[in-house]
Each structure stands twice: as C-alpha cells, then as structure tokens.
Amino acid sequence: MDGVAPYVTADGRQIGGVLMDMRGITLRFGGVEAIKNISFDIREGEIRAIIGPNGAGKSSMLNVISGFYHPQDGEVWFRGEKRKPMKPYQVARLGIARTFQNIALFEGMSVLDNIMTGRLTHMKTGLLAQAIWKGRAEAEEVANREIVEKVIDFLEIQAIRKTPVGRLPYGLKKRVELARALAAEPKLLLLDEPMAGMNVEEKEDMSRFILDVNDEFGTTIALIEHDMGVVMDLSDRVVVMDYGRKIGDGTPDEVRNNQEVIDAYLGVAHE
Amino acid sequence: MSADFLYGIEVVLNGLMAGVLYALVALGFVLIFKASGIFNFAQGVMALFAALTLVGIMEGQVPFAHLINAVFGTNIHHFGWQVPAILAIFLTVLVMIAFAWAVQHFVFRHLVGQEPIILFMATIGLAYFLEGVGDLMWGSSIRTLALGLPQGGSLWVEEMTNGLGGDDFYGFFIDKLDMVATLVALVLVAGLVAFAQYTKQGRAMRAVADDHQAALSVGISLSYIWVLVWSLAGIVALVAGVMWGAKSGVQFSLSLIALKALPVLMLGGFTSIPGAIVGGMIIGVGEKLFEYTIGAPYLGGATENWFAYMLALVFLVFRPQGLFGERIIERV
Ligand SMILES: Nc1ncnc2c1ncn2[C@@H]1O[C@H](COP(=O)(O)OP(=O)(O)OP(=O)(O)O)[C@@H](O)[C@H]1O
Ligand SMILES: [Mg+2]
C-alpha cells in the first residue's frame, strides 16, 4: 500500500492523509459472516473503489461506514478519531453522504425538494427561531437554494427540477440521488453501484460526473461498482472483497494482476 | 326556491360543519400514520385528555389532587386562581408536547421495526393508560368548557337568508360554535400545510413520511420527527377536544369521536391530509342528508349512528385505498 504522505496523482489531483480508516471490521447476520476482519483506509481526495462478486459484502461495508449496520468487531476511525457507534443520521451530520444500491428517494416529492433535503444537515435555524425570525429562516432557505441550484446545473437536471421523482426513469433517479448527496457538500461520498442498470451513454455521463465532483470539489469518494472498465478508469485504489474477506487492495493495475482476484472473478473453487 | 330545498341546503351546511370535527380527528390519525405507520388508537383519548387538561388548568385545579391528598393527608383541590384562556392553551400545548416526548421515549423507541399490529396494540394500551392518567389528574366529572366561544344559532345568518324561500322559510339556522370551529379548523389546516411546505422540520417530516431509509441518510433523526408528529397530533387533538367539548361538555364520550374518524379514514385514505378533510366533509354531509331525506321520514331516525360506517363499507368494497390514498399494488 502507498505511504500516508500526501502526493499528487498523474492527472494532478491532490491526495491527502487518511480520512476514513476501517480496522478489523467483522459483521455477522446470525450465522452469516458478511464481513470478516477487514481493514482498509480511504485517503482524502481519492476515489476508492470496492469491488467483488455478488454477495461479497460490499454493500454491507458501505452500510457499516454510514451507520446503517453496526459491526460486532472492529473500529471505525474518521478524521483521526475513533468513532463511537452511531446512528445513520449522526453519520450524515459528520459529513458523510451516500446513495443506495436500490435507490432511496422521496418518491412523492419533487426533484428540487428531494435535493433540498440534502441541505438539512446545514440548516441551523431551530423551529421556534423560524417562527420568530421569519427573515432569518428565509435567508437560510435562499442560501441553501443557491447551492442546490448549483448542484442541479452541475448534474444537468434543470429540465426535471419540478418533476415528482416517482415519475422519473431509472437513470435519472440515480442522478437525482447523487444530486441529493452532493447537496450535503460531503467530506466523504459513498456510492453503492451508481451505474447499475444504466446504458452505455448514461454510464459515461455518470463517470464524468463522479470524476468532476472529485476534481472540482475535492470530494473523497468511495464507490462500489461491477463494471471493471469503469472501476479501472475512475479509481485511484481498489479494495477487492470475496465472501466477506478482503482478497486484494491496491492500484487498479496491482489488483488486476493479483492471482487471488483473478481466481475470484473467474469463479475458481474455494478451498 | 322551495322551502324544502332550502332546508336541504341548511342540512348540507350543518353537515359540512359537523364534518370539520370529524376531519380534525382524522387529521391527527393521518399525521402519525404517515410518518410512522402507527395507527394511533389513542387519538380520541388524546382529544379528551387535552380538553380535560385545558379545563383543569383554566380553573386552577390541582393535578393529581386525589393522589396527593391520599398520600399526604392534605385536602387541596384548587390553587385558588383562574388562568386566562390564552395562557392555559399555551400550557396545554406544552403538556401535549411532553406527552409526545414521553410516548416516543418510553414506548415507541423500544418498538422500532416491530410489526404494525404490535404498534397498534401499543396504542390501545396507551389509550387506556392515558384515560387513566386523565382521570387521576383531573377527576372524572363532566366539565364545562368556558372559553367564551359564541354559541347558539346565528341571527345574522338567519336574517340574511330568510328572504330566499317565501313564507315557509325562516332563514338558515347555523350554530355560531360550528362557524367558529370551521374557522379554527381552516386556520389549523392552513398552518399545518405551511409548516409542512416551508419549514425545514416540515420538509424533514415529509421526507420521513416518504422513506425512512432515505430520511436517515440525509441526517434526519426519526425519533425527533416522531416526537414532532405526535406533538402536532396532540395539538390537533386539543383543537378537536375543545370544539367538541364546547358543544357537549368535556366528558368521557369525547374519546369516542375517534370512532367517527374511522369511516372518515376509510373514505379519505389513511395517508392523505386532503383525504381526511374531504372524507370528513363527505361523512358529515352524508349522514345529515341521509337522516333528513330517508332516515327520519322512512327509517325511524337515528341513522347518524351507523350511516357513516355503512358508507365507508360500501366505499371500501369499491376503492380500498380511499379517495386520495396511494394505490396499493403488490409487486410479485
Ligand atoms: N440486513 C441483512 N440481513 C441479513 N443478511 C444480510 C443483510 N444484508 C446483507 N446480508 C448478507 O450479507 C452478505 C453480503 O451482502 P451484501 O449486500 O453486502 O453483498 P454485496 O457485495 O453488496 O452484493 P451485491 O453485489 O449483490 O450487491 C450476503 O450473504 C447477504 O445475504
Ligand atoms: Mg450490494
């Protein structure tokens, strides 16, 4: 693995120190061990991919990071501090935003409203204060709207701003979900299969957005993806999981030439 | 216009106003159901409890007087002061918020992820518990609510309209209290809608009603929102309790208005605020009109006791999701 010293990538992006450090994570569901003693880190500014065959435990790992699952064993370190067990909403307030493999949007609300919910962690005016100082609440709303509009422009979804999300096709829903996560201006962005079920063109768009987010805002990104081509193109480093174990960790090139990884993907029998 | 027809209209108007109260109670149900999937059997008792608390505070009654006297051998019942209505209403709202917090903290926090039927059972327990607490706090006698709301037929309406229908028609008879109730309900609903649409908590509330997982992921605390909706339902219960109580006294039967909200919900759908309002109106008008045109002349009257349920049943057969409820499609 690379050292922890900051460095600049070939395409000129700044990679900093360790942002998120997973240490010896073990997660069980009854008898099933979804994650077996896995350690890996995510460095500031990088795009980190998590790959592996179906049921490898990738989504479970993302759920541990975002507080939806609580590991039986192991430690989660964020920005140099050991994190106590947290609820998902608390994790979100730390500046960790996410999307879901099966899309979790507010189907009954408009695209704009959905994205606005991404700003909730930034809204400070309390319930009473909103009633008393109407002006302050309005100013806050306006400031948040501006950021949301920027995100909308950035992801090129101006045309559907007022559309109820329930009516959108799948590919656009994925994009709105990304927009909602971006609106939170997260330190760390977790994407669970952002391109699953998309056609080639949609995948290209999504890849471009992910690269641009990382490049322009310096957002650290951890993403799960099945499409190898995409993973190799996007990511700085890759963690490979198989049956809950970590079987590879390194740059795309290193991982590609790792025999255990090759075996897992070719379906070589496990001893 | 014939007098019969005009009296028909009067019946409709009165039905609309009765419907407002049904709608208010139903609204309390919908708020909680939408946000948490809990069907709150205690909504009616909450209305009773809120009204009792309001009367108790206004009259300067000592809460838990019986208990205190029994334990300490004292004999106190009143503080000896009267609390102005506005202040009493404010204090009662605080009590309802405390109740909402307690419900979340002591009951539902421990039942997250349970089957709906278990949550429902918990609210039945809650209903009887709250009834007991209300009894213990404020006693069980029938109370009159002296908020100074206008009551009796509105002469003004009668005079304005008596020219409409010739000699047999004496103008519309409309209870002033009903008019006030309608006005208050309108303000309340407008306030709720504005809250849901324009405040950050309102947006969070809608988000939770839509998708729990997504709501968590954007940093919304579900338990905070649940305390919020129970508080709102408590405030709605207070308004319903006050209106109903001003009409027929604050007494146990008040908690039974919850049963009238059931057909309203079947009609309007359990998740729709407009549904609760329109459903309330339809039930209110429907039962008055049925009584006027068919019930009283042909069926010996008193059809208001069962008409709402029958209407809801017929409705249920043809449109189970209610007027505005989301269509339930089972995906296989
Ligand atoms: N909530 C849960 N309850 C019980 N078992 C679970 C739960 N979530 C995941 N699992 C199990 O954990 C294992 C890993 O699942 P996970 O969803 O993390 O895999 P994945 O790598 O994301 O797979 P895919 O590529 O199909 O999305 C599977 O055996 C799965 O059945
Ligand atoms: Mg997965």
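Residue 1 is the first one shown; counting continues down the chain.
Backbone N, Cα and C atoms are what each Cβ position is placed from, and that goes for glycine too.
Annotated transmembrane segment per TrEMBL: B:12-32, B:38-58, B:79-102, B:117-138, B:179-198, B:218-244, B:264-286, B:306-324, in sequence order.
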Per the Cβ filter (under 8 Å) with a sequence gap of at least 6 from its ends, the transmembrane segment (B:38-58) is approached by 25, 28-29, 32, 82-85, 88-89, 91-92, 95-96, 99, 108, 116, 119-120, 122-124, 126-128, 130-131, 133-134, 137-138, 143-146, 233-234, 237-238, 240-242, 244-245, 250, 252, 254-259, 261, 270
Highest Cβ pair tally under 8 Å against the transmembrane segment (B:12-32), stretches B:79-102, B:179-198, B:264-286, lands on B:264-286
Counting only residues at least 6 beyond its ends, the same-chain positions whose CB falls under 8 A of a CB in the transmembrane segment (B:179-198) are 16-17, 20-21, 23-24, 27, 31, 149-150, 154, 205-206, 232, 235-236, 239, 243, 273, 277
Long-range Cβ contacts under 8 Å made by the transmembrane segment (B:264-286), restricted to residues 6 or more beyond its ends, are 12, 15-27, 29-31, 33-34, 39, 189, 192-193, 209, 307-308, 311-313, 315-316, 321-326
In the same chain, residues at least 6 away from the ends of the transmembrane segment (B:218-244) whose Cβ sits under 8 Å of its Cβ atoms read 20-21, 24-25, 27-29, 31-32, 34-36, 40, 43, 46-51, 54, 89, 92-93, 96-97, 99-101, 103-104, 108-109, 112, 145, 147, 177, 180-181, 184-185, 188, 192, 195, 201, 204-205, 207-208, 212, 250, 254, 257
